[in-house]
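Feature list (source: TrEMBL):
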- A:18-149: domain 'Photolyase/cryptochrome alpha/beta' (DOMAIN)
- A:TYR242, A:THR254, A:SER255, A:LEU256, A:LEU257, A:SER258, A:PHE297, A:ASP397, A:ALA398, A:ASP399: FAD binding site (BINDING)
- A:TRP331: site 'Electron transfer via tryptophanyl radical' (SITE)
- A:TRP384: site 'Electron transfer via tryptophanyl radical' (SITE)
- A:TRP407: site 'Electron transfer via tryptophanyl radical' (SITE)
Amino acid sequence: MAASPSSMSGGGGEAAAVRTVVWFRRDLRVEDNPALAAAARTAGEVVPAYVWAPEEDGPYYPGRVSRWWLSQSLKHLDASLRRLGASRLVTRRSTDTVAALLDLVRSTGATHLFFNHLYDPLSLVRDHRVKELLAGEGITVQSFNSDLLYEPWEVLDDDCCPFTMFTPFWEKCLCMADPAAPLLPPKRIHSGDLSRCPSDDLIFEDESERGSNALLARAWSPGWQNADKAFAAFLNGPLMDYSVNSKKADSANTSLLSPYLHFGELSVRKVFHQVRMKQLTWSNESNLDGEEGCSLFLRSIGLREYSRYLTFNHPCSHEKPLLAHLRFFPWVVNEVYFKVWRQGRTGYPLVDAGMRELWATGWLHDRIRVVVSSFFVKVLQLPWRWGMKYFWDTLLDADLESDALGWQYISGSLPDGRELDRIDNPQFEGYKFDPYGEYVRRWLPELARLPTEWIHHPWDAPESVLQAAGIELGSNYPLPIVELDEAKSRLQEALSEMWELEAASRAEMENGMEEGLGDSSDVPLIAFPQELQQMEVDREMVRGTIHIPTPAGRRRADQMVPSMTTSLVRAETELSVDFGSSEVSRAEVPSQGHFQPQMEIREVVNGGTAATNNGVHHQQYNLQNNLNRVRGGVAPSTSEASSSWTGREGGVVPVWSPPVASGHSDPYAADEADISSRSYLDRHPESHRLMNWNQLSQSS
DNA sequence: CGTCTTTTGTA
DNA sequence: ACAAAAGAC
């Protein structure tokens, strides 16, 4: 297992010949960055590089706010690297990362390529290709862990199998040896002569996005040093009351660290160690709430950890339910529902407030994410992947692994997820998370004058109250798009249908096994709506109504909330008189430490396009798929009920594996994406070996 | 006031 | 499905 000197190239010569390309991805920091630290330790020259090839991500081309963050963070990183003595961050625009790296290595005469691990399926495949190709060129390629407390293959149960449930996974993590202490930034970096190594200008926004992006900068400061500050602020502030406050929709109580963590501007290992220290302190002071807050916060770090763990072991987790029977759920493919949800016009105030906040700011409190996604899946019964894709397109902290985990959890597709058949009632959730209605009033100005008593169920309010509040249900605020009772019965029907389909397919499977791999009963993925692929703001909805006279200078293509009717317009204009002078027209993002129940000025989108995501190339990846293997005894119960959980898979959008006939009566279907299938690692020993092999260099 | 029932939270 | 908590009796 030694650090494989055999793969070294060019051998012999003077030490000065060592030149290492450090390939940055989602590890945009100089502190506790193992790849960078290792490169600096070679005492040779270090060429920091970034390759921007978003087309490779297919439908998961980053959304506007995410690209904005990235652009800022790269600037910050470049400045940090220069301060350390590097000449610059070398940037490349490409549609083929591997080719771009090869070119980079050749044009710099580098002998080494270092980078930190990623665990999403695209990266696993691409990084493997990078290693093969560059090693073939005689380049020493090493990769490191910068993103996780523990590598996915390090956390195994007593039988050395990957965990399939979060709780045992996290318990195991917590009793493993502490992760390595964070590394300091390198003292100095020399890049040598880079005059023959051009950089490309990276363009992360188009004209139409500039205005909206400018607003983001008022609330957020990307970059690893700012991550550090935000983390310190959280440690010394909201963390203490984290457990007490975690039930409120108010973002001021949250860490707001997720975008930093997504781009690796903040090291989870550092977070872990510092929170642990706080916890120890509070524990000694018998500060039970504080101590519990630490556990709770670390648990959410654990969920992030687990999301990588899952995608590593089940590379299809962003498109296929991990519980196979869910693949037979008859999702309602209704783009009108989808649109209404996105626009925050479902008639359920808490849901609508959340969706408008997301739209306007790219941010959503975790609780509210659960509310809106649960509503999406259970009340509207839309395919969860649509919701996940919308989150991907709009969230500032969009993260494929975390979002896949979240949506699978909500849609009942995980062994330890929520039950699908229990509908969360947004009204009661409103009482819980937003007891004074402040959150709703802030994001739904049309309901601003409704007394708290009715704010979460305006449909029950007496006519006189509504009138006094200037609300006409069905006109300036919608009636519930689906009644909860109706949703419940529809959900029951859908579930019965799911079980029938599942049973039928299983029967068919048992009969027609020999007929080969045709697998006619395969359930295809539901494609994303075209509209979502372009992230277009719905225009008709807005055009059909009255336009708000838009104050000069505030008209912009933005993710602004579409309004619907005249009376709403009236309410808005009135409000804007009150607040118009105080610059509240910004796309508001939660800022740490205060919460003002304040009206937002809203404007109608005049055909604005939020983002022009054009990277819709559907890539096909040829991950070989073995025949299903059953892992006996791991499933929670192999009893009669669960014996019906057998399914198959299908694929339309990026296909990871060809459809495959499924196993027999296993608790979980045994196929590529399924939770009981053999892990990705088992099926791709090469990747495993490569990773393990390099793991060593990190610990040196 | 104890026991049974309902609701809630759960990654 | 299940345990804990809250509510009903």
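Just so it is clear, glycine is given a Cβ too, placed from its N, Cα and C backbone atoms.
Annotated features, which come from TrEMBL, shown on the structure.
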residue	record	CB count, 10 Å
A:TYR242	FAD binding site	23
A:SER255	FAD binding site	25
A:LEU257	FAD binding site	21
A:PHE297	FAD binding site	24
A:TRP331	site 'Electron transfer via tryptophanyl radical'	18
A:TRP384	site 'Electron transfer via tryptophanyl radical'	26
A:ALA398	FAD binding site	25
A:TRP407	site 'Electron transfer via tryptophanyl radical'	27
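In terms of DSSP secondary structure, the domain 'Photolyase/cryptochrome alpha/beta' (A:18-149) contains 63 helix, 28 strand, 41 coil. Regional average pLDDT for the domain 'Photolyase/cryptochrome alpha/beta' (A:18-149) in the model is 96.
Between the CA atoms of A:PHE297 (FAD binding site) and A:TRP407 (site 'Electron transfer via tryptophanyl radical') there is a gap of 20 Å. Of the candidate binding-site residues, A:SER255, A:LEU257, A:ALA398, the one lying closest to A:TRP331 (site 'Electron transfer via tryptophanyl radical') when CA atoms are compared is A:ALA398. Separation of the C-alpha atoms of A:TRP407 (site 'Electron transfer via tryptophanyl radical') and A:ALA398 (FAD binding site): 13 Å, rounded to the nearest whole number. Note: the Cα of A:TRP384 (site 'Electron transfer via tryptophanyl radical') and the Cα of A:TYR242 (FAD binding site) are spaced 29 Å from each other. Residues listed for FAD, A:TYR242, A:THR254, A:SER255, A:LEU256, A:LEU257, A:SER258, A:PHE297, A:ASP397, A:ALA398, A:ASP399, cover a largest CA to CA span of 23 Å.
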